[in-house]
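Student: Below, the features straight out of Swiss-Prot:
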- Asp1436: active site, proton acceptor (ACT_SITE)
- Cys1296, Gly1297, Gln1298, Gly1299, Thr1300, Tyr1301, Gly1302, Met1303, Val1304, Lys1317: ATP binding site (BINDING)
- 998-1019: region 'Disordered' (REGION)
- 1050-1128: region 'Disordered' (REGION)
- 967-987: transmembrane segment (TRANSMEM)
Amino acid sequence: MKTFLLIFLLICVCKGITNITTPSIYFDLKKINRFQDYLNNGITPSINLTFHDFYYPDVCVNTIKNIDGSTNFVKSSFLNAPTNFANLYITKGSKMTVKPNQILGAFINILCIEGSLEVPVGVFPFFIGALVILPGGNFKSESSFRFMNLVNSKIDPLNFFPGILTLGGSLSILGPKSIKYSANRLGDFQFQLLELIDPNSFNSDYKANIYSESFVTGQQCDFVSITNGYTLTVGGCQGVPSTDVNIYIFFATVDYDCTFIDSDSEVPASIYISGDTNVHIENFFLNSLGKTTNANYNDTILIFSPTDDTNVTDIIIGTNQRYRNSLFVEFSNNVTLRNNFIRESIESRSPLMFFASSPILEGNLVVSNSGSSVIAQFGTEFIQSTNNSYFLEPPTQPVIPNDNNMDYGTEGNGIYSLSPIVSFTTDVFVGQLISINFNFIANRSLVTGFNYDCFAPCYPGSPIISNLVQHSVDFNIIKPTFSYSHGNTTSSTTTSSTTTNTNSHFLLNVNDNGNEPSSYYSFNQLSIASEAIKVNLPIGTLGIGNLFATNNFKIDGALERLDILNSIFNLPPPISNNFSQSGILLSTTTSMLNSYVFVSIGSEPTRIESQIYGSTITPYYYNNIETLDLFQIQSIFPSVQYQIIKNSTINITINITTTTTTTTTPTTNNVVCSFTSIVNQQSSVTNEISINETLIQMDPILNNCVFPLSIDQEGSLKLRVTIKNQNSTLENQYYYIIDFPEITIFQSFQFYTGIKFIDVQSSSSSSQQTSSFSPTTTTFLNLLSTTENSNGFLNGCQISNQCTLSNNVKYVSSLPNVTNSPDFQLFQSGITPIIPYDPVVINLGIEKNKTFQFQLFFTFYQPIDQYSSPLSIFIQSEPYLLLDPLIDAPNFKNFTFFYDNLNQDSIEISFISRGDIYLTSMAIYSLDLVSYESSDSSSSSSNSSSSTGNGIGDIVNNEDNHKKLVIALSVSIPVAALLVILCFGIFICYNNNKKNKNETKGKDIETNTDKKDDENENENCKFQFKDEFLTNPNEINIQLKKLMINKSSTLPPQSTISIDTSPSSENTTFTESLTPKKSATVNGEIDFSRNSTNESTVSNSSSENNSDNNNNNNNKCKKEKLSSFPTIPGTNLTNIPLNLVGRKSRNPEDKYRTNNDILVCLQESHYFKPDDPSIPIEFSESVLDFGRGSKCLIDETYIYTISVKNKSTTDYNILLILPIDNNTGTISTDTQYFQINAGESKPISFSISLNCTTKYFEKIGVSIEELNYHTFICVHMESELSTRLDFSELDFDEICGQGTYGMVYKGKWRSQVVAIKMMRVGTVNCDEVYREMDIMGKIRHQNVISFIGCVVSLEHLCIVTEFSPIGSLGDLIHGDNNQKKSNTNTITNTITNTNTNTNTSTSTSTKLTVKQKLRIAIDIARGCQFLHQCGIIHRDLKPDNVLVFDINHNAPVCAKISDFGTSKETNEFSNKNTNCVGTPIYMSNEILEKKTYDNSTDVYSFAVLFYEMMIEEVPFSEIDEKWEIPSKVISGWRPTKGLNSLDRDIKNLINICWAPHSLPSFDEIVFSLVKIFKRFN
């Protein structure tokens, strides 16, 4: 016996279970350290706290175990079990079942399950005192049960019972049908149910319990009648007022007549889930459970023996034990609550509480008189709440929370959360004082007992993150409904430790105790009235998107930053800044973009100034709500602070979009835009610019106003535009008033210094090239511990004491080229904080009394997790915050600011991020040439050399006195339109009959070049642009000089990549400048005409000029200003023409195509290789790859310059014959026919633009007239991937289908099997084709056909999609007997089955099982669900437009929706769709009657499709005259053939989906289909 006890104790110790003895009147206890046994992330507490231990009563001792092999749960299966109040134990491996219609009664007192027990439908409600599910146990019930007090048992000191305690395994409580119904009010006592029910299921014995805004805790009404399965009439209660819109009805008799769990005991029961239990509760009524009241927690206290920590000598029973809620879940991540009705009767703490769990809540109705509807304790890092309705009667006496006792959630909250991630979608909150209450725990690590209190998932540092971090907070609240019906009472107040709710009701209350730095909260698609957001985020950010706020909405509390996007307010939100903490006044930085603010008629809006540079407030003021229904502001330019050079022109633009087609829509004949300036006469600022009022007529075609603005003085302009009806007689009547962001006008700036980041490797270590997806990292600590020249961060970036860098720096190389352009390889290395949220500080020496322009280039690599990554920038310790939306993919950002340095020797720039945003480089510009104070050139050179060994960076000193320097960093807020230099018209074929005197043959050898590598970087230098900067402080960088643009241009720079590869020469230098001669403006942005025939100019600086410059260098250096640098007006980056780091290896010439026209022109001349030494002409490059180190951008113009040299003493004429423009690309040159003198070198520039995804391998003919020689220059360009395809890359196979539109082919594109829909150009509706291309290009979903691309040209019009091996659903179910074609008036464009390897042929119909049909229907519904979420109505849903990919019902994907030619995108302001499109037998009433329709038209079509698939008959086949179908559908008639033979649930779903009114959404349809499928499966 002693041996057995020893083994048992060892097993318990191994499992972490400790047995605790108690006084004899109590159950003995078991103790588990919940964090060690339940938290499976490999992290152990650093501090052992009492709440880490989990105690529970050992009620399973002395229970009766089942007889081995017994399967029926009856008395005889348990030896010597009593008839009533038995204490039973189902052993491990035993599987027992209660028989249907079995009456258990009071058979069970205590039931412990280590095996499994299943209670099927039909078992009479039974009683139970304690249900314990042990690890590995499984309890499943589809019938009701009641809790009762334990009989003849010891006392449970921890108050778990009566109730359920799970320690692992699974708990499934599943009801067979819905128990609650949503309803719309028809009258005080009449309602329309949103779900069809059987009227015969109810009689006068039933009661209808109604819950609404006026009856939060419900009222019971008499059941009168149900007509048509939808219309409910009640009586014997108060009428529901018309103001109530959220109405739910619960039918019940005395015995409920539904699946329920309630308590018949003297005290309520509770359900306690622990130990990673799998929980699924659905369609159950949890009634009057929950023991924990809303009073302060008073837990049971165990008094241990001083000499034995396993012996409890006394117990003080707690009066309010925590966590005894209706449902408490801890350490369980697979928890689903769906379509339940949870009602509590006492004033409880909360019916639902979660601790270190991630629950999914869907479609539940939660009614309570409690402190909170749901409480998420710490560790519950994700709550997914969808379509739930939370009704709450706030407590009359909320208690003061106790931080030390973890006592929270008493205020009357909807959701009370101590965790950072909250996701609510279309939830309803009724009656709560605070709908969402988020509270940070002060000193959270100490409370939880972890060094790093990680928000799930908690994981070690990756190459990007060097340590464990706390994730940012992300609140995603999408389309919720909030209703507060208690009025402005004062009986309920918030008594949080740091905030007091004096407004009675808040949408959101956020309490930041200072433990979490710099958090970003986001809200989306709110619609609220008389609500308030209260926040205490002195170092946090709140982002609000798509908010519609009426009445007196406001935001109160303290914020560091507020972002408002795409929202509508009745008044400007009165941001309250008077909330102080420790007596410190806290300020708010606000950005407001694309948002509407109501201003009453007669009131003039006051311009809201941005608090700091970078924040933008540009509301659209309106004084009539009907204006929003007429037209809205689509975009404005500029939309953020903008800078322009003096005397240059900027096009101020307002684009509108109409939102209705009524006759009240303003016409362009009477809408004008009045542009004026706002000057504050009281302001002390002397450089505010004033302009006279200018009226601009609205463009009738483009729907915009464009105001060309040119200012000839420096200063700031505050511009206001009033959009109004010029014929209006009311002085104060207008449509919109817009205050543009401040525009700054200044003189030309020039390049000053540049910094980039490169790695410093030890001389003893070899560098490895890493993948762009796996960046290498070198932390500060690692560098500091190494030797030799690798301690790059030791000295910061010191260069002549001009630059220092803080220690909190981690260097990462091989960042991805997020712009898909090799021109940005400068930005592929960067620095980020070692410690997240701790600043990286850079201190730069600058000259006094000058104005500087700074550019910071950041690369966002990849998300650390699914949460946001905000970026904060500080200048001289002052915040420089920009509106920075969430980023979920690699991206690139450029931030520009100006700094007037009056009397400082340096500037401090710092930034804060989570560790996934990298500062990759920085550029500094000034109005005047700036030089550092330094000694002679030798010492400067010495310092530079020294710094490259130990410092991180090198600052470029720019003191050249004879060469002009401009770095073309082209960045603008609107992405600058493309420069395209068009090819010359018709190529002239020049034939020279002069006899060649020196004939030689060329050899097919690989081309070579004498060009030396000018891209080598100094391996020991941390910060640099290129090594040319470092060679001589008095020498201008040649590469930057060659990138110079024409300084005389007053336009912002075009996005043209310009690369020069001309070799240097002792006597000559070449400065190329390609500037467009003709330009136009579109929408306020620069757009260069593609039809311009003007040539670009090439300026050639002679040696004479160079000599003059050299003779006067010392005198001109300090006097001459550098060329004007194009301004960087905002945060959006276009291409930057920088030097390339490397080139792709050359390929043999034979893969290049030669145009036939070129061959004809050159057929009579002799061919020579371009590098043949016998010909007098020498090319610096014979293969033009335009400097592409990677694939190029489509529609981007790239310019490449080479040099041609005449080695002989004879002049020659050269003719360049270019490939003819085609649909793939356009190439041109600045000089097609030219003379080259003896010994002369001449630059030639080529420009190319690719129009689609293609590989452009062409040859340019070069003819030497006098010698009758010719050669070729090869063009090698490959574009990035896009949806615009090259027709020549499509391989056509057999025809799959055809119609009047054209044909569908099976084919290949780049070895991928695809379907090619080839249109007959000129015979199809181009609008439908373009609409289909546009929609398919926007959407990606597994149940929507994948769009590969398209071909659009004068000759070809194709849509390329993925290929379906089986074919359409119509052909699958009907085969060759597809009769429905006779019922349609449209031609199907289905891709039919042509794959001989498939097991299913579409030549004949295939008999599908019910499971297969349901699986296909689920995929169709999921596809439609996604389309509707994207705002797309398909409008032609039918079997022929559903492609089948697999008929195995267990396959990942079985079906996909196709054919979007008739689809339509919608928006929330305009849903008046009346076009009659689609196929008649699938058209809803609204379409047939040409009435307004919405998403429900697809629901109706789905119902007909689903019906057709289930019965395998053509719909309406019982009607002989097909022309009668529309009138019958309009009258309410629906197909009946075979409908009654279907499964009841399937039949009901079809009836609901094609009902005349109140059709379900596809969210509900998917849910219903999945439930039906599971039943069949």
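From the backbone N, Cα and C atoms, a Cβ is placed for every residue, glycine too.
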Student: Counting across all protein chains present, how many other Cβ atoms fall within 10 Å of the Cβ of Gln1298 (ATP binding site)?
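Tutor: Taking all protein chains shown, Gln1298 (ATP binding site) has 13 Cβ neighbours within 10 Å.
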Student: What count of other C-beta atoms do you get within 10 angstroms of the C-beta of Cys1296 (ATP binding site), across all chains shown?
Tutor: 22
Student: Any idea what the Cα distance is from the residue listed as 'active site, proton acceptor' over to Gly1302 (ATP binding site), rounded to a whole Å?
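Tutor: So the Cα of Gly1302 (ATP binding site) lies 19 Å away from that of the residue listed as 'active site, proton acceptor'.
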Student: Give the helix, strand or coil assignment DSSP yields for Gln1298 (ATP binding site).
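Tutor: In the DSSP reduction, Gln1298 (ATP binding site) maps to strand.
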Student: Other than its own, how many Cβ atoms are within 10 Å of the Cβ belonging to Val1304 (ATP binding site)?
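Tutor: Excluding its own Cβ, the number within 10 Å is 23.
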Student: Tell me whether the residue listed as 'active site, proton acceptor' sits in a helix, a strand or coil according to DSSP.
Tutor: coil
